[in-house]
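Remarks on the structure that follows.
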Amino acid sequence: MRVVVQGPGSLGSLVGGVLAGGETAVTLLGHQSEHLTRVREDGLRVVQPDGTTRVTRPSVATDPSVVADADLVVVCVKSYDTASAARALGRQCDGAMVLTLQNGLGNAAVLAEHVPADTVLVGTTTHGAARTEPGVVRHAGGGETTIGRYRGANDARVASVAAAFSTGGMETTVTASPQRAVWEKVLVNVGINAATALADVDNGALVECPPGERVLERAVTEGVRVAEAEGVSVSESVVERARQVAARTASNESSMRQDLAGGARTEVESLHGAVVERARDHDIAVPVIRTLADLVRLAQRDG
């Protein structure tokens, strides 16, 4: 299987390293950067949770035309870049499956505007990752990964993608309800990301002290009501799942914390903002989520 990972940030680099470690032919596609230069010259170093390091050697590309020969494109760009990434895929893809492993709501729908909807796969993962220096990504904690078709029934092609991830060490299951999985991942992110970014703490702080526990629980509980109003029946244990993810990735910096600390744009609009927008459609009050969203916007001076 020939795989292109579009967006070699923290998660994209981890995914590329996992797939390349399973002997899949992998290309990291991104803008020219010191990170890609280092990967091209020295390989991609994946630091495992136990401290050991695995070096893999994915190819590197900056020209989007590389996706023309791919069997699978894994989209890991930030959610605010989905539209531009989708347009590039629409011009270059030739029958490849397109898997979104992004944060937030609505990414698959945007991709399906530019590539055939029956080629779009919706994925979620709770694996933690952090790019610590050029050419190096730290696998900050294990998790669950699921994939499923955006439109239509799952088939052998979907199973082959799951097998490639599992072979590389990221155990992946196929689900018939990918949108439910997306919502549950969004709710976990809503419970963890903004709070850790604003308080400048690792994920584990949210389950180690009462204030963190309260914010996580209230935010996720608000989000559950919105998901149900949208017709998505999420697991009753999603609050506990958020706690488990925070505990399992206790030493990890959430992506929003990394972005805010580095002066980069966050994905608050596709996470907290998207939930607030849908809550407004159903006249549901989400004061904690709304406040978290506004505080992140204030911190990044955006809107």
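Using N, Cα and C of the backbone, Cβ positions are placed for all residues, glycine too.
Look at Swiss-Prot and you will find Gly7, Pro8, Gly9, Ser10, Leu11, Gly12, Lys78, Asn103, Ala129, Glu267 tagged as NADP(+) binding site. DSSP classifies Leu11 (NADP(+) binding site) as helix under the three-state reduction.
Summarising the annotation, Swiss-Prot assigns active site, proton donor to Lys185. Counting every protein chain shown, 26 other Cβ atoms lie within 10 Å of the Cβ of Lys185 (active site, proton donor).
Positions annotated as substrate binding site by Swiss-Prot: Lys185, Asn189, Asn193, Asn203, Asn252, Glu253, Ser254, Ser255. Here Glu253 (substrate binding site) comes close to Ala130, Ala140, Thr196, Asp202, Asn203, Ala261: these same-chain residues lie at least six apart in sequence, with C-beta atoms under 8 angstroms from its C-beta.
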Looking at the binding-site residues listed here (Asn193, Asn252, Ser254, Ser255), whose Cα lies nearest to that of Lys78 (NADP(+) binding site)? Ser255
Which ones are near Asn252 (substrate binding site): of the recorded positions Gly7, Ala129, Lys185, which have a Cα within 10 Å? Ala129
Of the residues named as NADP(+) binders, Gly7, Pro8, Gly9, Ser10, Leu11, Gly12, Lys78, Asn103, Ala129, Glu267, how far apart in Å are the Cα atoms of the most distant pair? 16
Using C-alpha atoms only, work out the spacing between Lys185 (active site, proton donor) and Asn193 (substrate binding site) and round it to an integer in Å. 11
